[in-house]
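Visitor: Shown below is the structure under consideration.
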Amino acid sequence: MSIADEPLYPIAVLIDELKNDDIQLRLNSIRKLSTIARALGEERTRRELIPFLGENNDDDDEVLLAMAEELGVFVPFVGGVEHAHVLLPPLETLCTVEETCVRDKAVESLCRIGSQMRESDLVEYFIPLVKRLAAGEWFTARVSSCGLFHIAYPSAPEMSKTELRSIYNLLCQDDMPMVRRSAASNLGKFAATVEYTHLKADTMSIFEDLTKDDQDSVRLLAVEGCAALGKLLEPQDCVAHILPVIVNFSQDKSWRVRYMVANQLYELCEAVGPEPTRTELVPAYVRLLRDNEAEVRIAAAGKVTKFCRILNPDLSIQHILPCVKELSSDSSQHVRSALASVIMGMAPVLGKDATIEQLLPIFLSLLKDEFPDVRLNIISKLDQVNQVIGIDLLSQSLLPAIVELAEDRHWRVRLAIIEYIPLLASQLGVGFFDDKLGALCMQWLQDKVHSIREAAANNLKRLAEEFGPEWAMQNIIPQVLDMIGNPHYLYRMTILQSISLLAPVMGPEITCSKLLPVVITASKDRVPNIKFNVAKVLESIFPIVDQSVVEKSIRPSLVELSEDPDVDVRFFSNQALQAIDHVMMSS
């Protein structure tokens, strides 16, 4: 190939690969578009590559999706923002395909390009594109157009703005529910760009039509619009236009609509102000907390803390707390789980007295729930309650339940308790910890589940860091070392792991005098798994101890292990010896 022909080579490869039967080759060539564009240069990319992509009617959605994504970041390769409009035709075609994810990606890319385009180019190229899509014969084009209005509208001349508003109005009344759904979900973004006078007049009438749609899939998207529009309107307009809609939606015949309301309601409280919240939204929320559909109660229960933060404590205690008590014994375990994940956050909102009087009994009942996820959710948020009621009350009321859960039949619950122990230890203090929880920490080292034993070993390390080496020497080390004689090799392995984790915390002196002899003795174990774990432990602790100890104790033990009949023992002991040699050479 001559030098003059070289620039043609990349485009030739691309065209060949794009027409290849192998989808992977077609995908690879699409993903290399930016490389090919650099090779071609800006002018040839505009003149040859982009038109070629516009004509390429690949039938595979994966290829089209990759193309839609690539074109979104293509502005620098076509010569910057002054030439960005050349990218619009291929993306317009992609906006009309049947596959939803391709259309969504094409709309996303168009929005990205449109937000960079010059105002004059938006008027000349982007607004006509939006109008063409909105008037498309096939519903896919009209669906895509709804996501582009918020980019087109701000730069449009006054006449075009009026036209765009009326087009959007028509899309909201389209015969196809998919188009109305798209219009409803994008209404908030479009409304944010519309002038306030038109927002009150035109956009609110569009919104009211959508809220009365006969398809629940459209109405539930209109609920999302409530929160978005509520933030744009003045409080009095919000009360007049949005509040009645939300109250009606909270009693909608479709549970999916009520579910959306339960998710969005707390956001509206800020928009309408305290008085309408108290008189209108609190009763609506209470209805949702007592809804006959479990999914609605789950959504409402999950937002109970956020809702209470907006209200004053008296209103929460008077109206919300009775519902919370009911939900704590709900027939659906998923409702109780959703409540358990957020209820601890109510303690700082309600204050100390209400927490002790009203919330503590609910916490205790949820801690004893038969469903493990409920118990887990309570355990993981205990620190929020501690900040409010103090450690004395927490230890009196909740600690017996925690000790009970430490022996829970579900290992995930035991695991959650172990992970919470260091935090609990720092809050309780060393005296209380030794008295109540010390024995549990040792017990977990001999649990039947490996994940529990592993977490228990990590837990000992964190406790040693929290209370210091002296405390660990008295309370942890002797009991840990006693367990090395356990007849089951899996438990002996846990002790080796504990020693490996504790050595850096305990320091060289205790490691040499107490921990190392136990590890050296374990190297004579009859089980190969123990022996190769000894090699790993020796590799991890040799940097802590003095070089003379390495030569006198660690190296001879590893040399002996390196001649073991078992291949894994030889491998790990040689690896440890190499690590020691490497450190010795570098020092």
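Every residue number used here counts from 1 along the chain in the order it is shown.
Just so you know, glycine gets a Cβ as well, placed from its N, Cα and C.
TrEMBL lists 10-48, 203-241, 242-280, 281-319, 320-358, 359-397, 398-436, 437-475, 476-514, 515-553, 554-587 with the feature repeat 'HEAT'. Residues annotated as domain 'Phosphatase 2A Regulatory Subunit A helical' in TrEMBL: 358-519.
Looking at the shown structure, can you explain where the listed features end up?
Guide: Note on the repeat 'HEAT' (10-48): its mean pLDDT in the predicted model is 73.
Applying DSSP to the repeat 'HEAT' (203-241) sorts its residues as follows: 33 helix, 0 strand, 6 coil.
Proximity of distant same-chain residues to the repeat 'HEAT' (242-280), defined by a Cβ-Cβ separation under 8 Å and at least 6 residues beyond the stretch ends, is recorded for 207-208, 211, 216-217, 219-220, 222-224, 226-227, 229-231, 233, 235, 287-288, 291, 293, 295-296, 299-300, 303, 306-307, 310-311, 315.
Across the repeat 'HEAT' (281-319), the DSSP tally of helix, strand and coil residues reads 32 helix, 0 strand, 7 coil.
When Cβ-Cβ distances below 8 Å are used as the criterion, the repeat 'HEAT' (515-553) is approached by residues 477, 481, 484, 489, 492-493, 495-497, 499-500, 502-504, 506-508, 560-561, 564, 566, 568-569, 571-573, 575-576, 579-580, 583-584 of the same chain, each at least six residues removed from its ends.
Residues 516, 520, 523, 528, 531-536, 538-539, 541-543, 545, 547 of the same chain lie 6 or more positions beyond the ends of the repeat 'HEAT' (554-587) yet place their CB under 8 Å from a CB of it.
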Visitor: Over the span of the repeat 'HEAT' (515-553), count residues by DSSP class, listing helix, strand and coil in order.
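Guide: DSSP classes over the repeat 'HEAT' (515-553) add up to 29 helix, 0 strand, 10 coil.
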Visitor: So if I exclude everything within five residues of the ends of the repeat 'HEAT' (320-358), which remaining residues of that chain have a CB under 8 angstroms from its CBs? That is, six or more out.
Guide: 282, 285-286, 289-290, 294, 297-299, 301-309, 311, 313, 365-366, 369-371, 373-378, 381-382, 384-385, 387-389, 393
